Amino acid sequence: MDESATWRLLESDWYSPRRLHDCPTHYSFPQAYRQKLIENLSLDSQGRPFKIMVFRGSPKSSRKSIRFVDELRQEVAAIFEKDCKQTPYRCIPKGEKRVLDAPRLRNDYYSNIMSWGINNILAVALGPELYLWNSEDQAVHKLLQVRGGNDWPTSVTWSEDARTLAVGYMCSNLQLWDVESSKLIRSLQGHSGRIASTAWNGHILTSGSRDKSIINHDVRAANSLASCIKRHADEVCGLKWSTEGNRLASGGNENLLYIWEASKMSSSKFLHRLSDHCAAVKALAWCPYQNNVLASGGGLSDGCIKIWNTEKGICINNIETKAQVSYNSLHHKEILSGHGYSIRENQNKLCLWRYPSMTKVGELGNHKSRIINLCQSPDGITVISAGADETLRFWDVFGPPTAGAGNSMVSDLQGLLSFRTSLLR
């Protein structure tokens, strides 16, 4: 092959800028690739300026040039194979799948009044009453009602097998209910203040209170009090056991986050005491596929989501949401956060973040007031947001992404509309 053949190769339509521009995928080439392409098309094999229309050089140098072009084509093919695969669009729902009216839902940041069990039943506290909503047939059942005006449910948590519902109260009571028979099984003692956070770990029910204590209850034992920890200097407002059940994260109103090892809780010895937040730590979520990774969210004065390596006790990422963080959910490689008050942005919104980069994927929400709680369906696809506007809104956030230009893009988040509204009770 002579130099003219080399000229035809370099000027072929495969390298044509017009062809690349008209490509329907509108691929954005990496800067490193662009620079390499410019250098290779402007310099010869000796590194000298390349004058394609000047015929010179020996047959030996021509073979080098041809061989160099072949190598370039192989490099470009490798780049295309690695980087040019079109990424599926991330569809963000434009509106709620369902809206339930939730009268008397209390506007209390510290309460945790919703839980969705593996039996597909949503338990939600509305003022002094606690309702069960069956997501399969939409049937509603009132489980309990507290008599008197000074007490009401402040935390609701299904057991892992959904046979038992734990209910914590404003006046320090903690009850276990058999939902199938609608009967109270037992009351657990030990606290002297509001119980706003509860978390199950097998047969252990952990409760956190305004009395600053954390209690582990062994629900199998007649004397259920397994251990009592008093390390927080203010109300315990967030509790979350890791997926493996070997570590507990607890957040307090004094802005502290503690990491506990299950095997050492009876000694009240913590694994880590983390003080990076500047407001109450309520929102906690363990990574489902990285056992030592935890996400925590701070209140209004903080407005940050922090990602922690709980093995080393270090913050590995931090994002300022500029709004009160009331809930975190870490699903696959995304984090969904629910927000309340804000002086700048994300007020009353649900925000979706890509993990681990913590870049914002999008936001959604029609709440007219702050989001109090979020909870996730057993299949992980649907998220319910409970707002101080006394509504429950259902969002299909974590469905599988689908490719295609006809789908909604991340930036197309305007005009979020409510599809259906109905009464919870």
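Cβ coordinates come from backbone N, Cα and C, glycine included.
Where the annotation comes from TrEMBL, it is an automatic prediction and has not been curated.
What TrEMBL records for 100-395 is domain 'CDC20/Fizzy WD40'.
Below 8 angstroms of C-beta separation, residues 106, 108, 110-119, 121, 123-125, 127-130, 132, 193-200, 202, 205, 207, 209, 211, 217, 219, 224 of the same chain, each at least six residues beyond the ends of the repeat 'WD' (146-187), sit close to that stretch. The repeat 'WD' annotation in TrEMBL covers 146-187 (among others).
Sequence annotations record features per position, and here TrEMBL assigns repeat 'WD' to 229-270 (among others). Mean pLDDT, taken over the repeat 'WD' (229-270), works out to 96 on the 0 to 100 scale.
Only residues 6 or more beyond the boundaries of the repeat 'WD' (364-397), in the same chain, are considered here, and those with a CB under 8 A from a CB of the stretch are 92-109, 111-118, 120, 122, 124, 135, 324, 326-327, 329, 331, 336, 338-341, 347-350, 352, 413, 416-418, 421, 424. Annotation source TrEMBL lists repeat 'WD' at 364-397 (among others).
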- prompt: According to DSSP, how is the repeat 'WD' (229-270) divided among helix, strand and coil residues?
  reply: 6 helix, 18 strand, 18 coil
